[in-house]
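Chemist: The following block contains the structure, expressed as structure tokens.
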Amino acid sequence: MENGGTRTQQIRQVLLLFVLLGMSQAGSETWSFSVAEEMQSGSFVGNLAKDLGLKVRELSSRGARVVSNDKKQRLQLDINTGDVLLSETLDREELCGSIEPCVLHFQVLMQNPTQFLQIELQVRDINDHSPIFLEKQMLLEIPENSPVGAVFLLESAKDLDVGINAVKSYTISPNSHFHIKMRVNPDNRKYPELVLDKALDYEELPELSFILTALDGGSPPRSGTALVRVVVVDINDNSPEFEQAFYEVKIPENSILGSLILTVSAWDLDSGTNGEICYTLSHASEDIRKTFEINQKSGDITLTAPLDFETIESYSIIIQATDRGGLFGKSTVRIQVIDVNDNAPEITVSSITSPIPENTPETVVMVFSIQDIDSGDNGRIVCSIPEDLPFVLKSSVENYYTLETERPLDRESTAEYNITITVTDLGIPRLKTEHNTTVLVSDVNDNAPTFTQTSYTLFVSENNSPALHIGSVSATDRDSGTNAQVNYSLLPPQDPHLPLASLVSINADNGHLFALRSLDYEALQAFEFRVGATDRGSPALSSEALVRVLVLDANDNSPFVLYPLQNGSAPCTELVPRAAEPGYLVTKVVAVDGDSGQNAWLSYQLLKATEPGLFXVWAHNGEVRTARLLSERDAAKHRLVVLVKDNGEPPRSATATLHVLLVDGFSQPFLPLPEAAPAQAQTDFLTVYLVVALASVSSLFFFSVLLFVAVRLCRRSRAASVGSCSVPKGPFPGHLVDVSGTGTLSQSYQYEVCLTGGSETNEFKFLKPVIPNIQAKGLGKNSEENSTFQNSFGFNF
């Protein structure tokens with residue numbers, strides 16, 4: 001499986017290679033410019049807008065600029081005029097050496113859309129160098145028997161200029177023995193040969209000298225000179241001869257210094273010193289002399305400087321074998337440099353865009369070029385990025401690539417990407433170059449605020465102070481910057497009757513909720529509303545949450561005594577027969593509390609009594625009963641004060657005062673009589689009062705039944721609009737009783753009244769309350785109405 005994956009990857013790389021080669025062959029049109037070397041920086045080269053047929057403002061709007069593969073900006077583009085100018089002074093000899101023509105390649109990058117234009121700049125040579133002889137003095141040893149027409153090699157002059165500005169001719173100072181003949185070597189260089197015009201005579205002229213002058217073809221021409229000394233030697237009539245007239249050898253460019261490249265060999269038929277051969281490099285350029293060395297005795301050619309295939313691919317060297325008599329032979333050695341994969345690919349970034357918006361696909365992030373100066377497979381390259389990134393590489397002309405987003409990005413998932421661009425050649429071993437870049441993702445408003453809870457429940461005690469902080473809501477936004485800044489607001493309530501604007505307010509910055517006024521549990525137990533969270537993006541996004549506010553009851557209402565009605569001018573009087581048994585029900589104190597829960601749990605106790613121990617009050621229902629048998633010695637009149645107390649904190653209380661009259665029977669009530677009143681008058685008055693009392697009780701019973709029915713119907717019609725309340729759960733103290741119905745002032749209190757006529761004690765019982773909660777004003781009114789039931793004896797019902 002591993003071999004199969006490797007093979008697949010190799011096939012993909014080969015396909016990408018063919019695509020790149022095809023695109024490079026089908027590149028866009030090339031525009032050529034020409035400029036002479038040594039021109040000052042800022043010199044005009046050409047007008048790009050005119051040549052391309054574009055308007056100058058289009059070059060500016062598309063961000064046109066000049067880029068090059070060698071990372072040196074030798075040209076600059078004036079986007080205001082479209083002129084291409086020199087950024088530096090160009091030296092043709094430094095840039096191209098002996099290569100002619102000297103052409104530099106540039107690209108013009110334009111964006112929106114991305115476009116590459118190929119530019120060739122030809123650097124024209126000027127005659128700024130004079131011919132130079134490496135040796136200012138040459139020594140020639142010529143045998144005297146050299147025939148007329150014999151040719152002798154002279155060292156050639158070096159001129160860094162090319163073309164017509166290179167060395168064109170050689171001359172020598174006038175003499176009668178020699179003239180100059182021009183030759184061209186394999187490197188297309190001209191070199192001089194000295195031709196013998198007149199036989200030499202050692203005895204007549206053992207030595208002669210003349211000036212050798214090299215002239216170039218410039219205008220005006222430049223020249224260089226060297227002194228030639230000719231020493232006439234005696235009879236040496238055999239020249240050295242090489243085994244081969246031409247040698248060819250191939251060596252890798254990474255050969256170590258000092259390694260043996262080739263050994264040349266020559267022989268001379270002469271004997272003695274005339275047969276001794278000396279090997280030298282003839283007409284060698286400076287590069288050859290720096291790179292190679294020949295052993296003068298053995299003919300071994302060794303490497304003295306590193307080779308670089310990318311700089312010079314081959315060398316042609318003339319080896320000269322000279323004997324002691326001055327005769328020589330020559331052979332040509334061609335050294336072919338073999339390329340090795342010693343150069344890693346290079347990446348040149350032309351432009352980069354960061355940050356990029358998160359929701360825009362196919363955005364150009366980077367424009368870059370790649371190259372490998374090796375040759376063959378060593379110079380073929382493939383480019384890749386990790387597959388798990390939402391980016392894609394797209395190739396362009398001349399090894400240019402664009403890095404683009406493959407799909408919309410999500411900043412909330414990944415805020416930045418570290419991208420490694422890997423460029424690998426196909427040499428052995430493979431060399432690669434990695435370029436790391438960080439791309440930041442800018443935020444767009446694509447996330448609405450989110451509340452930490454879908455609903456909030458807040459508890460507020462009633463009677464709170466205005467502007468009280470009752471709670472907070474919180475929302476977060478996954479975006480960043482202003483897109484994540486949240487503003488809070490109150491939304492219009494669904495219930496149009498809810499005065500939300502006067503109840504609560506919200507801090508727009510932090511979501512704190514405040515009660516605007518004091519709340520009353522008895523008026524409003526609970527309410528709910530919705531809050532909104534809106535970010536500051538464009539367009540703004542929002543969300544909402546439900547807030548429920550529950551008002552907690554406080555013990556702010558004292559118990560209210562319903563029965564007996566408290567009227568300072570007409571206190572309640574109860575009749576008790578002296579024959580009553582212990583536990584006889586005298587009356588029942590009925591009270592209510594406007595609060596709820598334990599604040600409405602009431603307990604009763606006898607606070608004061610005329611005769612302690614005679615009467616008792618049941619703590620849980622307020623019933624007043626006799627505690628023992630009555631006797632004739634007990635006083636006829638008794639005043640009882642009953643304390644009604646709730647279970648709040650702190651507790652609130654009320655008192656009920658009632659008068660008890662002990663009588664021998666209901667037919668003979670004991671009442672104080674005027675001293676002159678006759679007995680018959682007492683009987684008549686008692687009968688009248690009993691009739692009035694019976695009528696009052698009957699009317700009160702009938703009125704209670706009607707009131708019960710009316711309250712039932714009213715409660716049923718208002719059940720939907722009345723807010724719910726919480727009722728304390730669990731057991732409560734046995735001495736307490738909740739007489740508040742459902743525990744709220746908005747509920748009605750209902751009492752059923754029953755007078756047991758058949759019992760021995762004729763008890764008057766209140767079984768269940770059935771009257772609405774009475775406010776302060778109503779209390780006085782009810783007291784006035786109930787005062788009509790009193791008679792002259794002080795009885796009331």
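Glycine residues also receive a Cβ, built from the backbone N, Cα and C atoms like all the rest.
Relevant sequence annotations retrieved from Swiss-Prot are reproduced here:
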- 35-133: domain 'Cadherin 1' (DOMAIN)
- 138-242: domain 'Cadherin 2' (DOMAIN)
- 247-347: domain 'Cadherin 3' (DOMAIN)
- 352-451: domain 'Cadherin 4' (DOMAIN)
- 456-561: domain 'Cadherin 5' (DOMAIN)
- 1-26: signal peptide (SIGNAL)
- 27-690: topological domain 'Extracellular' (TOPO_DOM)
- 712-797: topological domain 'Cytoplasmic' (TOPO_DOM)
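Quick one: how deep are these features, and who are their neighbours?
Modeler: Using DSSP to sort the residues of the domain 'Cadherin 1' (35-133) gives these counts of helix, strand and coil: 16 helix, 38 strand, 45 coil.
Broken down with DSSP, the domain 'Cadherin 2' (138-242) shows 3 helix, 54 strand, 48 coil.
Each residue of the domain 'Cadherin 3' (247-347) gets a DSSP state, and the totals for helix, strand and coil are 10 helix, 48 strand, 43 coil.
According to DSSP, the secondary structure content of the domain 'Cadherin 4' (352-451) in residues is 7 helix, 49 strand, 44 coil.
When the domain 'Cadherin 5' (456-561) is classified with DSSP, helix, strand and coil residues number 8 helix, 48 strand, 50 coil.
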Chemist: Would you mind giving the whole-number mean pLDDT across the domain 'Cadherin 5' (456-561)?
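Modeler: Taking every residue of the domain 'Cadherin 5' (456-561) together, the mean pLDDT is 91.
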